[in-house]
Amino acid sequence: MQTNWQPTASIEQLRQRATLIAAIRQFFAERQVMEVDTPAMSHATVTDIHLHTFQTEFVGPGYADGSKLFFMTSPEFHMKRLLAAGSGCIYQINKAFRNEENGRYHNPEFTMLEWYRVGFDHHKLMDEMDDLLQLVLKCGAAQRMTYQQAFIDVLGVCPLEGSMTELKAAASKLGLSDIAEPEEDRDTLLQLLFSVGVENKIGQDVPAFVYDFPASQAALAKINPQDHRVADRFEVYFKGIELANGFHELDNPKEQLARFEQDNAKRIEMGLKPQPIDYHLISALEAGLPDCAGVALGIDRLIMLALGCDHIDQVTAFPFPIA
């Protein structure tokens with residue numbers, strides 16, 4: 001049987017990919033950030049209602065009934081355990097797995113760059129990320145705006161103070177009435193508005209850093225001590241593509257556990273299965289996570305932009321359909 005066996009990326013594009021990844025490693029070596037390697041599978045996983053995982057079972061000696069394992073959506077939990085153990089500043093280039101979309105900007109298995117800087121807040125980490133983006137993308141310095149500013153400038157509605165009626169009216173102007181009208185979850189509505197109405201309007205000429213996300217979308221970030229409506233979280237966009245998601249990392253174990261439990265309660269309300277909480281991470285936070293900021297960046301999307309390609313298949317050898 002004849003099959004489509006050849007890579008979707010040209011050999012020259014794969015060479016350029018390798019060169020860019022080498023440059024990223026050099027970037028961190030010059031800053032004395034240590035490269036680490038953590039597991040691709042874990043007994044626990046993310047509780048985020050918007051992330052869907054792959055899972056398998058280990059059935060080796062002593063586990064005849066099977067031990068459930070989850071492929072990691074990010075190395076974050078393991079890397080924070082290293083930070084709590086005294087690793088200092090670290091980075092990783094790894095494979096991540098999400099049982100979600102497959103298309104122009106998505107592959108179920110993808111390459112991620114994640115790094116953590118001890119003693120940084122999210123603003124200082126944005127400075128460093130700006131340097132990396134200028135190196136790889138050969139672009140100008142990034143623009144910065146708050147989440148609130150982006151919403152008001154593009155959609156004319158405040159995401160922090162606007163009513164659900166006002167948010168649904170903004171969705172209606174985007175032709176999203178059928179989706180927005182029955183929606184009762186504020187964050188789901190905000191994410192819909194941001195993804196459809198805002199993302200493709202910012203960061204067209206240079207990357208855009210959007211920071212101060214609503215506190216309800218804090219995930220693993222600290223709440224801003226000056227404005228409890230927002231979290232110390234940022235995302236990065238360029239030419240309509242989300243590139244990265246970063247936090248001034250939450251170091252309070254009780255608060256982190258409460259957020260995981262709230263996620264699982266929400267999953268049950270939505271008819272989804274609750275996910276096993278990573279108590280190793282909670283124990284690491286109890287032992288003491290150093291004050292730090294961290295960010296995860298999609299390498300495939302970054303290289304796609306750097307090489308002027310239209311699809312991540314052009315910069316990956318064997319995407320999902322032919323893997």
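Residue 1 is the first one shown; counting continues down the chain.
Cβ atoms are placed via backbone N, Cα and C, with glycine included.
Record note: Swiss-Prot gives S74, P75, E76, Y116 as substrate-binding, and the candidate from E242, E249, E255, E261 in that site is E249. For the pair formed by G298 (ATP binding site) and Y116 (substrate binding site), distance between Cα atoms is given as 15 Å, rounded to the nearest Å.
Looking at E100 (ATP binding site) and S74 (substrate binding site), their Cα atoms lie 14 Å from each other. Spanning the listed ATP site, residues R98, N99, E100, N107, E242, L243, G298 have a farthest Cα to Cα distance of 19 Å. In the three-state DSSP reading, E76 (substrate binding site) counts as helix. All chains included, 28 other C-beta atoms sit within 10 angstroms of the C-beta of Y116 (substrate binding site). Cβ proximity to the substrate site centre (mean Cβ of S74, P75, E76, Y116, E249, cutoff 8 Å) flags the following additional same-chain residues: F77, H78, M79, K80, E114, L220, G294, A296.
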